[in-house]
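Annotated features in Swiss-Prot:
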type	residues	note
COMPBIAS	266-277	compositional bias 'Pro residues'
COMPBIAS	280-290	compositional bias 'Basic and acidic residues'
COMPBIAS	349-358	compositional bias 'Pro residues'
COMPBIAS	389-401	compositional bias 'Basic and acidic residues'
COMPBIAS	402-422	compositional bias 'Low complexity'
COMPBIAS	429-444	compositional bias 'Basic and acidic residues'
COMPBIAS	568-577	compositional bias 'Pro residues'
CARBOHYD	474	N-linked glycosylation site
REGION	85-122	region 'Disordered'
REGION	179-238	region 'Triple-helical region'
REGION	183-472	region 'Disordered'
REGION	265-298	region 'Triple-helical region'
REGION	302-330	region 'Triple-helical region'
REGION	385-411	region 'Triple-helical region'
REGION	422-467	region 'Triple-helical region'
REGION	503-716	region 'Disordered'
REGION	507-557	region 'Triple-helical region'
REGION	566-603	region 'Triple-helical region'
REGION	605-664	region 'Triple-helical region'
């Protein structure tokens with residue numbers, strides 16, 4: 001029931017007594033929405049992974065069952081073809097029985113009319129092989145002689161069997177299925193060290209450091225600029241009038257000002273005028289007074305440290321050049337020193353004289369080396385002359401060669417004993433490190449080490465990328481793959497095989513079969529092959545099932561009267577079997593199978609050998625000579641050293657007077673009554689020979705460090 005409303009809407013009253021307002025007529029039917037069921041989100045999130053896993057398992061199981069059923073069909077077809085082949089051990093009785101059956105079942109009636117074309121049969125067998133592949137490389141070993149196949153198996157059938165993964169014996173009596181792949185072989189040797197990887201990413205920023213110590217209080221700043229003008233002050237008090245008030249209307253008019261200016265008194269100041277315009281910014285103020293001194297800050301200078309350990313002794317300075325030779329002393333007299341009365345021994349040298357003046361100090365070392373002793377003078381040894389005056393400082397000479405050790409000290413020579421060996425000096429400073437030597441040659445590869453422990457299995461690898469298909473979508477061989485094989489794979493294979501030919505290589509056992517590759521895309525249907533030869537007639541099979549009813553036969557020969565049809569005639573005899581049809585085109589290849597699960601990772605390889613110790617690197621270049629250090633303080637005088645080797649001979653002295661030959665002189669005399677030269681007490685030719693000097697020094701009565709030069713006895 002409806003009733004109009006004042007607003008133009010229609011009030012709809014339902015059969016159940018409910019009323020509603022609608023702006024249309026007839027009112028639209030309201031659909032009753034089903035009640036909402038609350039859904040638990042946690043339940044949904046927990047159930048979705050399980051449902052997806054169940055669907056995935058179902059899909060995998062269905063795919064496996066499909067593959068198994070497809071293989072079973074193919075095997076059944078192969079079994080049928082094998083059964084159709086003639087058997088060599090067939091008996092003649094079976095042939096007779098088959099012949100009788102054919103005669104019995106043959107129809108003697110005339111052939112009926114040809115029947116209609118039957119339905120399309122099932123897809124045929126696999127087509128002929130495709131295009132021949134690229135020529136393979138020759139094997140590095142001798143090929144085994146090929147066993148001729150039996151006549152029982154056709155070449156095409158055997159090829160198909162091999163394509164399906166079956167093997168057959170050479171005599172054709174046994175068919176073997178390919179077994180399951182064996183376990184993975186042992187891991188190969190460890191490969192070479194790879195190239196260094198890419199540099200890693202920049203590391204994260206380190207933690208924030210601790211806050212530093214607060215700084216000291218700064219100096220007081222300069223005085224700031226002058227501030228803006230202040231607000232106007234409050235209104236002042238009213239002033240006090242001291243004279244008569246003259247208002248604005250007090251005078252008679254403006255003429256009074258001109259007539260008598262002296263009698264008019266100024267009035268009080270008026271009210272403040274309006275504020276004037278803002279003034280300009282003032283100048284900067286003067287610098288303020290200096291602030292009070294700040295507090296003392298924390299001292300950054302720590303306490304005085306402890307006394308350090310004493311430093312090492314300085315390196316001894318270089319040896320200085322020899323000093324200048326002094327002037328020759330005065331001739332000595334016999335009255336100064338006692339004479340030697342013995343005629344069997346040579347005269348001994350006199351006591352040492354007083355020390356001479358210090359030598360000239362050079363920049364490198366103030367103490368000069370001791371000069372070599374001069375040759376003996378006259379027999380009469382005079383006293384030491386007075387020291388000469390100090391000469392002027394000469395120019396610095398070039399450093400000479402290292403001299404031989406000097407003679408022993410005077411004190412030890414007088415006592416006749418050997419000099420004491422002084423204590424060893426302090427160790428010298430460590431030398432500067434030399435420059436870095438050149439990089440040594442790479443060491444030889446070490447022997448193979450012991451096998452390490454078996455490692456834990458690695459993680460599952462990532463799924464590989466899809467490879468390049470051998471067959472292009474148009475049914476031909478992929479051109480990119482051809483180019484890849486010719487340009488990259490073929491040169492590598494030829495090089496490896498050429499290397500193998502040059503060596504006595506024994507082929508190893510065949511490796512385990514690799515994983516099954518991806519199925520290529522579906523190729524186009526090949527051309528129809530030529531019709532095959534008729535096969536051998538097989539044995540009679542079992543009775544088949546009852547076939548479908550045949551087609552209606554032709555009308556009988558009876559007359560038809562009126563519109564009535566005659567009785568139905570008996571069914572006609574079956575016609576003879578038709579000729580075998582042509583071989584159908586090859587069926588399309590099946591769908592590619594799903595990728596198999598990756599196999600378990602192989603065991604960890606053996607531990608590689610330890611490398612041998614590398615060769616010693618080449619010696620680096622000798623470092624540059626250091627600069628001479630500053631001259632250290634003069635050390636204490638050391639003990640007298642051992643007598644050294646004789647120094648170089650000094651300059652030749654003045655020739656002495658000829659002595660009187662001895663009474664026991666073995667030398668012959670010359671025409672002048674004197675001994676021949678180079679005889680008796682005169683020096684020998686081997687004076688400068690070291691061996692000769694040592695020999696003369698070993699004679700009794702010889703002076704240490706001097707040659708065994710005999711002198712004639714001194715007589716009165």
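Positions of Cβ are set from backbone N, Cα and C atoms, glycine also.
Counting Cβ atoms from all protein chains shown, residue 474 (N-linked glycosylation site) has 8 others lying within 10 Å of its own Cβ. Across the region 'Triple-helical region' (179-238), DSSP assigns 0 helix, 0 strand, 60 coil. According to its DSSP assignment, the residue listed as 'N-linked glycosylation site' is coil. Listed stretches 422-467, 566-603, 605-664 were compared with the region 'Triple-helical region' (179-238); the greatest number of C-beta pairs under 8 angstroms is found for 605-664.
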